[in-house]
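Participant: Pulled these features from TrEMBL for this protein:
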ACT_SITE  E181  active site, proton acceptor
BINDING   D42, D81, E113  Mg(2+) binding site
BINDING   D42, S43, D81, K111  3-methyl-2-oxobutanoate binding site
Amino acid sequence: MTIAELQNKKKQGKKITLLTAYDYPSANLLEKAGIDIILIGDSLGMSVLGYDSTTLVTMDEMIHHAKAARRGAKNAFLVGDMPLKGCQGAVSDVVKNAQRFMKEAGCDAVKIEGAGGEALDKVKAIIKSGIPVMGHVGLTPQTADKLGGFKVQGKDAETAGKIISEAKLLETAGCFSVILECVPTELAGTITQSLNMPTIGIGAGVNCDGQALVTNDLLGLFDKFKPKFVKRYVDLSEAMLAAFTAYKEEVEKSVFPSKEYSYK
C-alpha cells in the first residue's frame, strides 16, 4: 500500500482499513489480513504497557514496538504515532523524533494530533523534512483534558466549524490523510466531502473514507473501558483466561505433560 493507492481508494469510493499493532505477531496477522494501514498507536501505553494514560508513553517505547511491528509486517504501510512526549519541546526536536520512526523503525509515515498553533507548525516542519504526515482532529486524546474529557466533539456549530477548519488546514499543510475521532456522523461526512485527502474515522460514523479501531479493543483484550464506537469481534480475554486456567489445572493434576508431549 502506498499514499497514492490510498488516495485512489478515496477517488474510487473504496473503504480504507486501519488497525493498530504493537508487536511482531499482531502486525504479521494484520498484513496477512490485508489491512491497508497499520498504526503503531500511542494507545500502546494503556493497551499494552498498563499506563493510566497514553500521555505517559515515551519515544523510546514507541520506537521499540514499531521496530517489532515492522519485523512482522515487512511490506505493510506502517504509521508511527507521535506520542505527547515526542511532540514537546522545540520544533526541531519534534522533527528529529519523527525521523526516528522512519530511520530506526522503518515506518512509512507518522501521525500527529491537532492542527492549532504550535501543532500545525510541527506538522508543517515534519512534512518539510520529507516525512509524510497523517493528521488527527476531533477528539485528540493527548489533550482531551482541554476538550472537557473523552467525549464527542463538534456537536455544536462553533466546535464543528473549528474541526472543519482544522481538517482543511492540515490538507493545505500537505497531510496525506486525517483521522476524525469521536465526531458526529453528519459532520464527518461533510469533512470527507470537502477534502481531497482520505478521512479515517474512529467513532465518526460510516461516511468517512475509511475506519480505524484499536486492535486490542476489537479483540476484547482491554477492559478498563469500552467506548460506544468499539465493536468487539471476538472476546480473546475469555478464551485466554480459559486456556490459562486449563493449563494450571492440568499441571496440578499431572495431566500435562502427557506422553504425547514428552520425549522417550
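Just so it is clear, glycine is given a Cβ too, placed from its N, Cα and C backbone atoms.
TrEMBL does not curate its annotations; it predicts them automatically.
Mind mapping these onto the model and telling me what they sit next to?
Facilitator: Classification of E181 (active site, proton acceptor) by DSSP places it within a strand.
Other Cβ atoms within 10 Å of the Cβ of D42 (Mg(2+) binding site), summed over all protein chains shown, number 28. Following the DSSP three-state reduction, the secondary structure of D42 (Mg(2+) binding site) is coil.
Contacts of D81 (Mg(2+) binding site) defined by a Cβ separation under 8 A and a same-chain sequence distance of 6+ are given as L39, I40, G41, D42, S43, M62, V110, K111, in order along the sequence.
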Participant: Sorted by position, what residues of the same chain at least six away from E113 (Mg(2+) binding site) have a C-beta under 8 A from it?
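Facilitator: The answer is M82, C87, A119, H136, T140, P141, Q142, T143.
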Participant: Pick the one among the recorded positions S43, K111, E181 whose Cβ has the fewest other Cβ atoms within 10 Å in this structure.
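Facilitator: So among S43, K111, E181, the recorded positions given, the one with the fewest Cβ atoms within 10 Å is S43.
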